[in-house]
């Protein structure tokens, strides 16, 4: 029974994953750099998606024209209910096919040939529903971007004349075949469910008998289980507007997925990697509704191709690094902005700035190169020497010292500033460490939570070795007066250049001010000198005048003898 098979596959997958987890081992190490308030988690191995593998999955359907049975037996009623669900599901898929972008006009014209099912709703309602689905589908496509481009391309080809019949013919005597499509692409096609033969040859002959009786309940249960897969596939496509991710076990059971992986044109190491991590593979895969035609439902499954595996990967964690002046509002902050996942890739480094897009299983990192940037290997120098001349390390600046914590693989970075209380606690012993102002690090050994103000952080319990690399916080090297604030996408050289510009401006201002002051001093000296000279001259003139005056006053008047005799005195001359 298929439900039991699904459960068995799920259990097998879990056991395989657990076995792989223990077999792979944990060699994770972590280094915290006090100088830059950052930590690097090492010891991971890569699994980078570099391409897509597309396969066509088919389900053969039955064209149920009528149900003659009108019996009242409980088992017959259950069968009739399942048949109604089946017909409604097929109708839903027909409507969905009309509203998806890959459908062309020819396929739409040929749609009525397939089955005679119609919804009980009016035609106007169907048109409205179709328009809503189309808008939703287009919105979803904008969300996934170009990720499903290859799958959509294959889906479009299936709408061409004769493509479905070509696939149907190839799967007549087998459940798996390679089919060459009209665009020259060969795809692996698989028939995962044959409802047509089951309904036409086993079920309908029973329920359409004159007696309308079913001898055992197993027939009902078997049809419910087979029908359930179609109903779930229909529901997923309907809810997700024709494109679903991850790929569920209804789209592909675990055994079908493992079989498909085994048929992929990849190395044995790649097959082993995918087989041991089927849940991650499902999360990074897509199923795309294609066509329902010629009594066949066809949809495309798009699986990731991991072209780069087993290269070293590491994750960079960063937190704000600020000065710790007691005066509020006088601090400056610097934060590294190059946090994310890094993996070696063909002599360079693939950088994934959005770390959450990568999936981690044990020490394996699954990332999509579509979300990556290619950087030189010198990027590693930023961890040990942020001022290195070979690579310009990325930072951001601010003057807001906000306290926070960043949970790393093996501990936590704590940025504690101002009057915020920051502590690390053990669930049994309580607070085991109180952080002082600044940036600090604590490993997860013997520690369960970190508290920053009113925010509580739970640390990871991954095992590994932590190393604390001490160093002078680089923020202390900068002068708050010339430190540029609110640089959100800058580098060390750009910040230093702005600081140098500020210093040059200050020096120029000082020179101008000095020159102005020097000019003023010279003028003042000249004026003072002139005034002093004038005063000296005036004083000299006054002194000479006084001297002459005094000299004149001190000289006696002497009369001659004639003047004294009066003979020649003018007063007596007449």
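Backbone N, Cα and C define each Cβ position, glycine as well.
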Of the residue ranges 34-54, 55-75, 76-96, which one carries the coiled coil annotation in Swiss-Prot? 76-96
About how far apart, in whole Å, are the alpha carbons (Cα) of residue 500 (N-linked glycosylation site) and residue 27 (N-linked glycosylation site)? 44
For residue 27 (N-linked glycosylation site), what is the tally of other C-beta atoms lying within 10 angstroms of its C-beta? 13
Measure the Cβ-based neighbour count of residue 500 (N-linked glycosylation site), defined as the other Cβ atoms within 10 Å of its Cβ. 11
Calculate the distance in Å between the alpha carbons (Cα) of residue 550 (S-palmitoyl cysteine) and residue 27 (N-linked glycosylation site), and round it to a whole number. 113
What is the total of other Cβ atoms whose distance to the Cβ of residue 550 (S-palmitoyl cysteine) is within 10 Å? 9
